[in-house]
Amino acid sequence: MVLLKVLRKQKIKESQARVLLLGLDNAGKSTLVAQILDEDMRSVAPTFGFQINTLTRDGINLHIWDIGGQQSLRPFWHNYFEKTDFLIWVVDACAPARLDKCIQELQTVLQQEDRLIGTGVLIWINKVDIGRENISLIEERLEKEVLGTLRENHNVGVIPCSAFTGEGINEGLDFVCDEIKSRLFVL
């Protein structure tokens, strides 16, 4: 595991970071990517499989792996964990009825701890422009059921955002880049 950390730090030294973007279907992952890349959000469609986009921010090339969240794809998520430097988990603020499933899937992902060791984690609570009233409930549930354990091995950020308006996007990307830069390997 120590070797894995060293290799991950070496890759970061080269200003490359693999960012895995996960969450349930319809959470807005692909729309977040479109907002980040300043692309037309009207053409965003559900991701079947995965898409890779690269964004350069703060001198780091972030290779964002947007993985489809449909139930049929979730058993294959673990195939993308290798060489991941950062995990972004997206929660749909407009779907409190799916929060149990969302937390359950996040916990399943975190059981792959050995393959995600050393990664930072950002939980983006998306769609706050239309689901703001659910933020407190979501934050409380995450704190109670996930974050305590998660913070033992990861630097974690929870940021409300809106892929539609852009709210919280810069804060989230700053968190990602700051976390990656904090682990720079210097010889």
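Quick reminder: no glycine exception, Cβ is built from N, Cα and C everywhere.
Small disclaimer: the values here were computed from a predicted structure and weren't measured.
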Site co-member for GTP according to TrEMBL, given Gly23, Leu24, Asp25, Asn26, Ala27, Gly28, Lys29, Ser30, Asn126, Lys127, Val128, Asp129, out of Gly68, Gly69: Gly69
DSSP three-state assignment for Lys29 (GTP binding site): helix
Cα separation, Thr47 (Mg(2+) binding site) to Gly23 (GTP binding site) (Å, whole number): 12
Residue pair Ser30 (Mg(2+) binding site), Lys127 (GTP binding site) - Cα distance, angstrom, rounded: 13
